[in-house]
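> Below is a structure I'd like to ask you about.
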Amino acid sequence: MSVDPKKLNKEVAKRRTFAIISHPDAGKTTMTEKLLLWGQAIQVVGEVKGRKTDRHATSDWMSMEQERGISITTSVMQFPYQEHVVNLLDTPGHADFSEDTYRTLTAVDSALMMVDGAKGVEERTIKLMEVCRMRDTPIISFVNKLDRQIREPLELLSEIEAVLKIKCIPITWPIGMGQDFVGVYHLTENKTYFYEKGRGGEMTVSETREGYDYPDIRERLGALMFASFEESLELVQMALEDFDVDEFLAGEMTPVLFGTALGNFGVNMVLDTLIKYSPPPKAHPTNEREVAATETTFSGFVFKIQANMDPRHRDRIAFLRVCSGKYEKGMKLKHVRLGKDVRIADALTFLAGDRAALEEAYPGDIIGLHNHGTISIGDSFTEGEELNFTGIPHFAPELFRRVILKDPLKSKALQKGLQQLSEEGATQVFMPQINNDLILGAVGVLQFEVVAHRLKEEYKVQCIFEPVSIATVRWIHCDDEVALAKFKRKAHDQLSLDGGGHLTYLAPSRVNLQLMQDRYPEVTFSNTREH
């Protein structure tokens, strides 16, 4: 399809695609809500705490998430802000869903890291930062919960620098905290932004004043606290380096803002910083070449599959990140892995669970494709060119359970359910070659609960899981057919096929795995598999 290069460049420059990363309970879902409020994508803020009402947080749309108050699946939300188009990918904050989160981070151009001001850098944040590091993702930092007692801001900054190995450049500095939270002082604007309590559900423009030294602020904080604020501010100003955009884009430096997501204070500053500094859609690597966002032919890759987004339509949606060109309704695309041309007439755009038919989409946008079992995570779609996007892995699960069906007559429904749920990539199914068992592998215990809950709710299948003596799994590759055949004969009892039909070795112990690797050096035992 003919695309006007000028218009394409303009649309690419307007896009900002980012994800929020944080430890559970750092306020990520609340932040998502408030960002949507500023983007005027929602009128009523359904705060997460309102569990007794029907107004659950917009981005937690699966019933189990609403019961538990944790984000399990990655939602995608698009909203306008200051003549830009913002695509926000909400990632699961719960530790068990790291694989889904990892793949989401392959589809964004920057990330917002949220730190709980009372707790500082937590373990989950460290893990997610490692993923961002691998891709040099630019990071904006937000220290949350200033309306409560938090740790000393200087101490928090040193911890972020020491633990996450990233240079911090404060953009704002807090004046007081908890009951005495006055607001923030903007270091480059030399202005104080005042916090007003009880305005969390509204878009309010804060009162601002030049500088920070005012009698009412001194009175509110008291002499001791005001002196402590001035002292910390002086230290920050003395040590403050200039903000270096190149260092930020390389993921080596992070601008830091302070505020409260619940109180909707500092959220618009996050959006302003995102628009000002974060990069528009970047080039993406493929096995064949690098694809620039401004190329006029369409290309994109699938980073996530979600079954049953709408229980009313038993459907599966493949989430595709547009990498280049323009999607237009009804266009013909090549599904590269299958070598087939498909006409995409009904792609979707999202506001967490609300789906709207899409007329056009540009690089950086996330679109939903209806999937009837033919699309897999990692698949590329192009206007004909043979391109395979790289860097979207499957990880070896760490926990395994045998699936026991309560009603043997439902084995077909069970297989279908497990197959579809494993296509989403949070769990993996293995079929041992010596029996008819179904083995489920996951990164964390919570995933087994989620699968059982969803099989019951969405597929009307009840099952239980029992422990199985598998320590880990490895994908098997071997170019030497004779050596592979010999290995298959000897290891037959431990071999299985995964959901995609790939040969895997189910190791009963780490020692056994090491022995097999030593015994068969020509066989590759891989702990990840690219999609």
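Heads up, the Cβ atoms here are built off N, Cα and C, so glycines get one too.
Straight from Swiss-Prot, here's the annotation block:
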- 13-282: domain 'tr-type G' (DOMAIN)
- 22-29, 90-94, 144-147: GTP binding site (BINDING)
> Report, as a single number, how many Cβ atoms besides its own are within 10 Å of the Cβ of Ser22 (GTP binding site).
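Other Cβ atoms found within 10 Å: 24.
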> Including all protein chains shown, what's the count of other C-beta atoms within 10 A of the C-beta of Lys28 (GTP binding site)?
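If we count other Cβ atoms within 10 Å of Lys28 (GTP binding site), we arrive at 26.
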> Fewest neighbouring Cβ atoms within 10 Å: which of the binding-site residues Asp25, Thr91, Leu146?
Asp25
> Between 0 and 100, where does the mean pLDDT of the domain 'tr-type G' (13-282) sit?
83
> Which of the three DSSP-derived classes (helix, strand, coil) applies to Lys28 (GTP binding site)?
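Note: Lys28 (GTP binding site) is helical by DSSP.
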